[in-house]
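What TrEMBL lists as active site, proton acceptor is 147. Among the features that TrEMBL reports, NAD(+) binding site is placed at 45-49, 55-57, 127-130, 219-220, 243-245, 263. Residues annotated as Zn(2+) binding site in TrEMBL: 155, 158, 179, 182. Annotated compositional bias 'Low complexity' per TrEMBL: 342-353, in sequence order. What TrEMBL records for 17-277 is domain 'Deacetylase sirtuin-type'. If you look up TrEMBL, you'll see 336-385 marked as region 'Disordered'.
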């Protein structure tokens, strides 16, 4: 599809009922109309690709391939809560590479903030754990992190929150954080295999019905239950897909708009049509100060970051299988009963989500750091360096 003309294949041939057409000018006209006040966004890793965030699962070149050389039983173990309890070193190695402050928000992230400043952003659902939405200035109350993020952290035993600055210092110093209350291991509030989905995500699912425009950006829509959100908006709600490829059931509704290309490029085209381009660029320039200079040296312990334009890899079948979730476990009707319990997100084990979105991040293959060895917290609470 041409992202400017909106010409589609036969899948998008249905005549729109709400929009004037299936192109950027028609979309911009609708956004500026009185009928568009509650815009909901769904974000995947494609939104962060141009920030240079490294890939987790690309065959031979992903971060998994590097971490697998740290004596892991299998690459995905770095995100398994049971393995983390035994050996937190691999995860802290990864956290040192990906901790917020090393990457700058993208044009697409600044677009989300721009929607908020125009009082149009109703909710932003994201699969990403990079916190770039926050760093772009999107209000916290508008962000729903389906798989958690690095924004907060707590003890995995007693649940005691851990200070943000202390966590940052531990990760920068390659030290494993432990709870000041009980001595348990501390980890960021990222959803691991074996953990339940964030209860605030479950509670927010019904909000999809209040959307009068849905914009889905940079996701393969393969990870449930996140992917199903796109089907929960009202039939009269226009849906827009901004992605490299057509995904999900986009094109099945009369007001589906499919804009294929890079998120940043399409967002700029849309803002030009809206008359917002200068505002967009101004907001993006403000994000330059979000990068912590001392953390950016162009090098990575696990390898040097590759070019941001490199095409992202698709998920492997094995990992997709491991992410299969029980839809019934996230039925909003069941949420209130769960939330009354101490573990308010006590979904079945089958309702654990992959905390890493749909895997669209990149880093090249490189030997692991020689000074990091497989340990247990009892034998070595510090990553040597």
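Including glycine, each Cβ sits where the backbone N, Cα and C put it.
Predicted automatically and left uncurated, TrEMBL annotations should be read as such.
Taking the features listed in TrEMBL, we show where each one sits on the structure.
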residue	record	Cβ within 10 Å
45	NAD(+) binding site	25
48	NAD(+) binding site	27
128	NAD(+) binding site	26
147	active site, proton acceptor	24
155	Zn(2+) binding site	20
158	Zn(2+) binding site	11
179	Zn(2+) binding site	18
182	Zn(2+) binding site	11
219	NAD(+) binding site	28
244	NAD(+) binding site	16
Rounded inter-Cα distance in Å - the residue listed as 'active site, proton acceptor', residue 45 (NAD(+) binding site): 12
CB-centroid shell, 8 A cutoff, Zn(2+) site 155, 158, 179, 182, site residues removed: 156, 157, 159, 160, 180, 181, 183, 184, 186
Assigned conformation of residue 155 (Zn(2+) binding site) - DSSP reduced to three states: strand
Among 155, 179, 182, which are recorded as binding-site residues, the nearest neighbour of residue 219 (NAD(+) binding site) by Cα: 155
Rounded Cα-Cα span from residue 158 (Zn(2+) binding site) to residue 45 (NAD(+) binding site), Å: 31
Cα distance (Å, whole number) from residue 48 (NAD(+) binding site) to residue 155 (Zn(2+) binding site): 28
Candidates 48, 128, 244 (binding-site residues) - the one closest to residue 182 (Zn(2+) binding site) by CA: 128
Length of the line joining the Cα atoms of residue 48 (NAD(+) binding site) and residue 158 (Zn(2+) binding site), in Å: 33
